[in-house]
Every structure is written in C-alpha cells, then in structure tokens.
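**Q** Take a look at the following structure, please.
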C-alpha cells in the first residue's frame with residue numbers, strides 16, 4: 001500500500017504496494033510470498049481487478065454490490081462482486097464499448113453503446129438484444145419516467161429509443177452539428193446535452209422542446225486562461241435540482257446555477273487536456289474533476305484545491321463509490337487503481353477493515369523495490385568479474401542492464417574487494433577525527449585541483465562580504481560551497497591549463513595577477529606544513545598598488561594581447577624547426593611492394609601517364625577516349641546524348657580472346673573441307 005499526502009490529506013493507493021517482477025513464474029512468486037513478509041502483507045482488495053490491456057469505463061451498481069468495468073483487448077465487460085471480493089463473470093463483445101449504463105439495481109439490466117453504431121442489451125443470463133442507431137453515438141442517458149434512451153453523437157439529432165414499446169420515437173432536432181455528452185437531472189428530469197460548438201442545450205422531455213441554451217465556450221475564456229481553438233463540451237454532470245458542472249476540451253470546469261446564464265465559478269486544470277469525468281462529493285461540498293493526467297478535488301464554493309492525484313498512467317474514467325471515501329479509476333494500463341481517502345468518508349462496509357489498517361500505516365510513501373534482486377549494468381559485471389554469466393539463467397536482461405540475485409552480488413563483491421570493510425572502518429575513523437577537529441582554529445584549506453582559482457574566489461568573497469556589510473546587503477552563496485561546482489575542485493580533468501593558447505589570449509593580464517596569488521599560495525602552504533595559525537593577511541603590496549594594477553587602461557590590455565600573440569608565434573616557429581630537424585635526421589628505408597597474381601609490372605611511366613590523365617578535364621578525357629575507340633557518343637531521337645563505353649581488357653583476357661578467335665577459324669576451315677568432300681562423293685556416284 002502506497003501512502004501520499006497533499007495539503008495534509010492522506011491518500012492510500014490500495015492497488016500500488018510492493019510489486020514483483022513480471023518475468024517471475026507463478027511458482028517463484030508463491031515462494032517469495034512465503035518468504036517475504038512485506039509481499040505477503042500486500043493488499044489485493046478485489047482479486048484480479050484488472051483488464052487484459054486497457055480499461056475505458058468503470059461504474060458501480062445502485063445497490064453497491066457490483067463493480068462493472070469495460071475495456072480491451074478483446075472488447076469485454078467484467079463484473080466484480082464486492083461481497084465475494086472476486087470476479088463474478090466476464091463477457092466478450094463484438095466491438096469496443098464507448099459507454100454503458102446499469103439500468104437496474106444490480107447487474108441484471110445493462111445497455112452498451114458500441115463503436116459500430118450498435119446498442120447492445122444484456123440481461124442476467126447474458127446477451128439479450130442488439131439494435132443499431134443511424135449515426136455513430138458518443139453518449140446516452142436513460143429517462144426513468146418514460147423508459148426512453150436518449151442517444152447523442154455525430155449528428156444534429158437526438159435519437160430516442162423507448163424500451164417499453166421497443167421502438168424508436170421521433171428524434172429531437174437541435175441546432176448543433178455534433179454532440180459529445182448528455183445527462184438527465186435526477187430530480188426534475190431535465191435533459192441536457194453538450195455540443196461540439198461549446199454550448200449546452202436543455203430540453204424538456206415532456207414537451208420535447210428546448211427550454212434553455214448556455215454558451216459555455218465564451219464563459220470559459222477568462223483573463224488567466226490560454227486556449228487554442230474553440231472549446232467543446234467534453235463532460236456534463238447534474239448536482240441536485242439547480243446545479244450543473246460542465247467540462248470543456250481545453251481543461252476548464254464551469255459550475256452553473258440553472259437560474260443564471262453566467263457560471264458561478266470557472267476552474268482551470270492548467271494542462272490543456274479535455275475533462276474526462278466530473279463527480280460531486282456532498283459531505284465536504286467538493287467537485288472531483290479529472291482529465292487524462294490528474295484528478296483534482298476542489299471546493300465548489302471557493303474553488304480552493306482540496307487535494308489531487310496523479311496516477312502513473314493516463315486516466316480514462318473516474319468512479320466515486322457512493323457514501324464512502326473510495327475512488328476508482330480506469331486507466332491506459334491493465335491495472336485499475338483503487339484509492340482510499342479517509343477524509344472523504346468511511347470505508348465501504350465490504351472492506352471496513354481499511355479503517356483500522358490505515359491508522360497503522362507509515363506516512364512516507366513506499367517506492368517499488370525488488371529486495372531479492374540487484375540491478376547491475378554491464379560495466380558493474382566486468383568490475384565484479386561476472387561478465388561470463390551474461391546469457392546464463394543467473395542473469396535476467398532488463399533495459400540497459402541485468403537483474404541478479406542479491407546474495408550472489410554480495411558474494412562477488414566480497415571476493416572482488418575483500419578489504420572493503422577495512423576501508424569503510426578507516427573512513428569512519430577519519431570522519432570522527434575531523435568532527436573533533438572542527439572546534440579548533442583552522443587555516444584556509446585549499447582544494448587539490450584549481451588552487452589558484454579557489455584562492456581568487458576566496459579573495460573575491462571576502463571583498464564582497466566587506467562591501468555587503470557597508471551596504472547592509474545579503475551575502476551571495478560561495479562557489480566553493482555549492483554542490484553544483486564541487487567537481488571542478490575535485491576532478492583533475494577540470495584543471496585549468498594556463499599554458500594553453502586559449503587561456504593566454506583570453507586572459508592577457510593573468511600573469512600579473514597570478515604572481516601575487518602564487519606568493520600568497522606559497523605562504524599558506526608553509527603555514528599548513530608548520531601547523532601555525534595565521535590570521536593576519538600575508539605581507540604584499542599596498543592596497544593602492546593593487547588597485548592601480550587592477551585598473552589598467554585599455555591600451556595596456558591591447559599591448560599585453562599583442563605580446564602574447566608574438567610569444568605564441570615564436571613558440572610555434574620553434575616547434576616547426578624541431579619537427580624539420582627530426583625529419584632530416586630520420587633515414588628513409590626502402591619499401592618493397594608485392595604484385596598480385598595475373599598482373600604484370602611494366603614501368604613507372606604508366607602511373608605517371610595516369611596521373612597526367614587524371615589532371616585533365618572531363619571533356620579532354622572523353623575526346624581522348626573517342627580517338628582510342630573506347631567511347632562512342634551519339635545523339636538520340638529525344639535530343640539528348642547517349643554515350644557507350646568499352647572497358648579496357650587485361651593482357652590475359654586479350655590472349656584468351658585471340659586463342660578463341662583462332663579456334664573458331666580452324667573449325668570453320670574444317671567444316672568447309674568436310675562439306676567439299678561430301679559434294680565430290682555425291683557427284684562421283686551420279687556419274688557412275
């Protein structure tokens with residue numbers, strides 16, 4: 001169980017608790033539950049209170065015994081019995097459910113509005129009847145006195161289906177192009193619908209005439225709100241006979257008195273997300289409004305925030321269990337969340353043990369920790385010498401590392417660093433000694449890295465303190481004590497290189513200032529070595545001389561930059577001369593190259609010719625290849641040029657082609673001689 005507190009209001013998340021890794025088998029989970037007391041004490045209020053993938057809507061029956069939820073995938077409805085704390089039944093549907101309504105006190109009469117314009121009726125035994133409406137529906141409400149269902153959706157009409165007669169009645173013609181939500185007042189049965197244009201139309205079901213029109217889009221825009229586009233109505237809920245709350249697609253909630261066209265209060269969620277659900281809590285006069293990111297509870301008279309909740313996953317629907325402090329949400333995740341807020345009311349009678357249990361819980365929220373497993377990266381495994389275990393059953397790959405048994409991790413760590421305890425003991429002793437030395441008069445201790453920079457900061461800090469005392473101003477925080485810049489004085493990689501070109505050009509006066517600082521640094525090091533106390537400022541130049549040095553004019557600064565540039569050029573020239581001397585001293589050794597098989601070495605003239613040819617332009621090379629016959633350029637019928645290339649042949653290919661040519665000529669001569677002999681024999685027979 002996870003406990004959080006906002007505005008001194010405790011919120012108990014009953015579905016959070018200690019979680020186990022998903023890749024553990026059921027057998028290992030049961031074994032862990034037997035061993036671990038914390039896992040065994042987890043609260044699973046309702047068994048398997050979840051959906052396979054996503055839950056979209058959740059509602060409670062009027063008798064409070066059954067909790068029904070719809071979700072995907074596959075589209076289904078699940079009914080949970082609170083008296084048995086388990087699932088009662090599950091029914092799969094043909095298409096996804098947009099919304100549903102429980103018509104009876106229990107689960108015996110349910111109506112589902114589905115995506116494919118279908119309206120499906122279920123009874124106690126299961127599917128009862130299915131019909132279809134002309135346009136895609138988005139919401140519906142049930143009018144109890146006349147047994148009419150009012151459907152709103154992607155149409156200007158409101159379709160009426162009478163369940164007593166079993167037929168559609170004349171629809172209500174509205175001025176809206178589309179409607180998103182609707183609701184019926186439980187006291188005087190006024191029908192209200194929210195349109196895509198940001199208006200709310202109120203109709204009297206007895207006369208089937210419109211009796212009121214509210215322009216909520218105009219009223220939702222205040223001086224503090226920033227909106228993009230026209231706000232449409234995304235949520236609607238009646239409270240008693242006179243109050244109505246309206247939620248917009250831009251994240252505002254408007255509370256109306258039906259006797260006035262102006263809202264009593266406008267509450268902005270400041271997320272710019274559509275309001276998904278609005279609920280009323282009468283004991284404390286609260287409104288519970290929710291978008292996909294946050295659930296806010298605020299006072300309906302003043303608009304002051306009471307508390308809020310931000311679940312891990314996006315919210316699809318919110319359901320408040322009647323006459324209690326329990327709140328349930330349908331999320332973009334398999335698990336449906338259950339929250340218990342004792343300030344809102346007592347626990348339901350089927351889980352009255354929560355009142356006693358919450359008194360003993362800790363105030364600080366618990367985070368999800370796998371106590372029996374340690375997460376290690378690949379680098380950690382190499383340091384421990386366990387890199388060879390990658391791919392075995394002892395390591396379980398997860399994200400950018402692995403999970404391993406905590407016992408194996410401790411054993412490997414002890415073997416890799418057997419003197420870890422001794423180092424820990426020495427560190428503790430050193431800390432104790434430093435704590436006792438804190439009361440003595442201490443010298444200025446400079447860090448190991450960037451000592452000159454630290455000394456400069458200390459001097460500037462002292463000057464600023466004197467200046468702030470005169471002006472009676474607050475002292476600014478020191479960089480040496482700031483954790484953000486701590487690494488700059490500890491890590492040697494951040495050491496300032498004063499001999500670098502950038503440093504010398506950007507800080508031309510650093511040489512004059514550094515001399516004074518180096519003198520001061522030597523004095524402090526001598527005092528530290530001798531262990532003497534030095535409270536007075538070390539001897540140096542007078543303050544007038546220091547001020548005159550620091551206040552050089554621009555001309556001196558330019559001259560100093562020029563000097564540094566000349567020095568840099570001279571140093572670069574000396575380095576170049578040293579490189580030339582080294583090159584002259586080095587003797588070039590002859591190199592031998594191996595010629596591949598099938599290639600002949602002619603001379604170095606071919607390579608020289610190729611280099612000359614590569615220097616020529618493309619036009620000259622094409623003309624040369626045309627003369628040699630390796631390139632043929634011709635005009636096409638379209639008007640463009642066509643170029644045909646002939647690849648150069650190697651010596652071996654040329655010899656092979658000549659041998660094939662000779663072979664073909666020999667075969668031709670043999671065929672001719674054979675045909676000549678046959679013709680002569682034929683003539684001799686005829687004459688004979």
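Every residue, even glycine, has its Cβ placed from backbone N, Cα and C.
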**Q** Between 528-557, 558-587, 588-617, I'd like to know which one TrEMBL lists as region 'Disordered'.
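**A** Spelled out, TrEMBL records region 'Disordered' over residues 528-557, not the other listed ranges.
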**Q** Taking 465-520, 633-688 as the choices, which stretch does TrEMBL tie to region 'Disordered'?
**A** 633-688
**Q** Taking residues 6+ outside the domain 'NUC153' (482-508), which of them lie with a CB under 8 Å of any CB in it?
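**A** 447-450, 452-454, 514, 557, 560-561, 563-565, 567-568.
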**Q** Considering every residue in the domain 'NUC153' (482-508), what is the mean pLDDT value?
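**A** In the predicted model, the domain 'NUC153' (482-508) has a mean pLDDT of 76.
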**Q** Under DSSP, the domain 'Nucleolar protein 10-like second' (369-417) has how many residues in helix, strand and coil?
**A** 21 helix, 14 strand, 14 coil
